[in-house]
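Now, the feature entries from TrEMBL:
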{"type": "SIGNAL", "residues": "1-22", "note": "signal peptide"}
{"type": "DOMAIN", "residues": "147-245", "note": "domain 'Cadherin'"}
{"type": "REGION", "residues": "156-178", "note": "region 'Disordered'"}
{"type": "COMPBIAS", "residues": "158-172", "note": "compositional bias 'Basic and acidic residues'"}
{"type": "DOMAIN", "residues": "246-430", "note": "domain 'Cadherin'"}
{"type": "DOMAIN", "residues": "431-538", "note": "domain 'Cadherin'"}
{"type": "DOMAIN", "residues": "537-650", "note": "domain 'Cadherin'"}
Amino acid sequence: MQPRTPLLLCVLLSQVLLLTSAEDLDCTPGFQQKVFHINQPAQFIEDQAILNLTFSDCKGNNKLHYEVSSPYFKVNNDGSLVALKNITAVGKTLFVHARTPHAEDMAELMIVGGKDIQGSLQDIFKFARTSPVPRQKRSIVVSPILIPENQRQPFPRDVGKVVDSDRPEGSKFRLTGKGVDQEPKGIFRINENTGSVSVTRTLDRETIATYQLFVETTDVNGKTLEGPVPLEVIVIDQNDNRPIFREGPYIGHVMEGSPTGTMVMRMTAFDADDPATDNALLRYNIRQQTPDKPSPNMFYIDPEKGDIVTVVSPALLDREFQATVEEGVVGVIVNLTVEDKDDPSTGAWRAAYTIINGNPGQSFEIHTNPQTNEGMLSVVKPLDYEISAFHTLLIKVENEDPLVPDVSYGPSSTATVHITVLDVNEGPVFYPDPMMVTRQENISVGSVLLTVNATDPDSLQHQTIRYSVYKDPAGWLNINPINGTVDTTAVLDRESPFVHNSVYTALFLAIDSGNPPATGTGTLLITLEDVNDNAPFIYPTVAEVCDDAKNLSVVILGASDKDLHPNTDPFKFEIHKQAVPDKVWKVSKINNTHALVSLLQNLNKANYHLPIMVTDSGKPPMTNITDLRVQVCSCKNSKVDCNAAGALHFSVTSVLFMSLFSLACL
């Protein structure tokens, strides 16, 4: 068992090139108008245009040729029908046949008021390649009908017409044959009065290429008067089949050092379209060569025959494997192939690969594909172009089973793989990331927070870096695009909803000048130190008490502050500028955050407003004054009446219970 000395050709052949495009399917070959009516003039004037015909084969009308059923007329290149000399009588009908290498069609010119000319229709179809010549003794005139496959709705659609110049009055046309009354039935039908032939569905040339139909005329009882006359329907091929390679995968071998022009293999593709048209004309092309070293064009394929030959010097046909990989990418980069004639079902065939040199950083691994016995060489740690652009690996291959002693096995079972690392424009990297600063909230607008630092890993490209703000939820920050200095554009507020646990997070971008540019993202964490900028507030702000209560406790007040310690509690509670007589109200401290408001005497039923002042422990302290509305209510028979005070109704029991419960929770 040994590595193959022939160079393995690993090429991806293109889908075989076609001479038509998918747009051809939207074009219908033939005359745009197939039937014309003109009045019989006193005379057809030489070289004077009678009408204009429009024909297209959907492929450029190359080698377009017109023929007219009368020798006295011709069709010019621009489609104009003219007389070759001054002539009066030409009959009731003229037929014009158009033909290119890709399509053909027939147009009919009905001359209103024209007179029959005996035998004038004998040679109408002499120029049609596949149509039979009408029999002189018959008045039924048919021409081949050409229908493109893959036509779209609507159906039915007229595709041709049968002419009977001597049809008796009351007679009818009848159409028979495969596609009418024989399977596949119902594809074609004829208007029994006008002779118009129509198709009822889409046709597929690859299923049936031609239909042999028969036309006859019958009397009112269905008895045949004339015919049957054969009518051929030809399905025009459209380029609706992709060429395919029926075999494969194809593996070619060529000995290293072979002369230029050495035959490697022959590719053969198949196309189901009409072989007589360009729709099945195939062209071969090599789409990709892997690897693309030492030359991206090691081989050439004959565009018509499909033969693949070498086109480089013998020195470039070297069996040492080449591979390329972009920096920062992991995965399989090359498959190594060995040749072993042992039984594939045994360990004597199965190969084991080992990297024995060139892998100090353990960036590469190789494993055996159990189906193909190939060695799959992979990058498992991203490579860095700036550190090393080339790697050379020495790989050993051996069987799972030990070799039989005293048997000659040929050359060494090692192979060399040259790996080229491709430079990729990597995004700049912020250092450190995340970046962290600590500032007091409420610092002045325009204060500098820090200068960010980002470096470009592509040190050999000498690129410049510009900075921009990526995410700044509160809109507080600005960054200098050149030097990366970050300053404030608004007041920083620790109590903002955009701040979480006193930390504000913003993201910045560093963009290099590569083509295309690459971007790196950096995170800035701003820890905001608390400043005593929030006054405390009390709760609740409404209380009730009975006018004859024996317990003169009114309410337990609590206080809260958005700031952090030591700018919060202990709070100081007091009555501010008392507007009622002295010795009526009293505020007593319960703990650092709560105080009890009580009466020193009973009051009459009414609403009383008591200004409570609460002060925090900040330096300097912040004070807030809030009106406490006390409703003195009438309490009789366990009912509370606060109507005069405009208050809600609670029982005396509930008022006392709420007060006692609040105290118990402190």
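Note: Cβ is positioned from N, Cα and C throughout, glycine not excepted.
Counting only same-chain residues 6+ beyond the ends of the region 'Disordered' (156-178), those with a CB under 8 A from a CB of the stretch are 34-35, 92-93, 106, 108, 116, 121, 139-143, 145, 147, 184, 188-200, 211-220, 224-228, 231, 233.
Here the domain 'Cadherin' (537-650) returns a mean pLDDT of 86 for the predicted model. Using DSSP to sort the residues of the domain 'Cadherin' (147-245) gives these counts of helix, strand and coil: 0 helix, 47 strand, 52 coil.
Across the domain 'Cadherin' (431-538), DSSP classifies residues as 0 helix, 50 strand, 58 coil.
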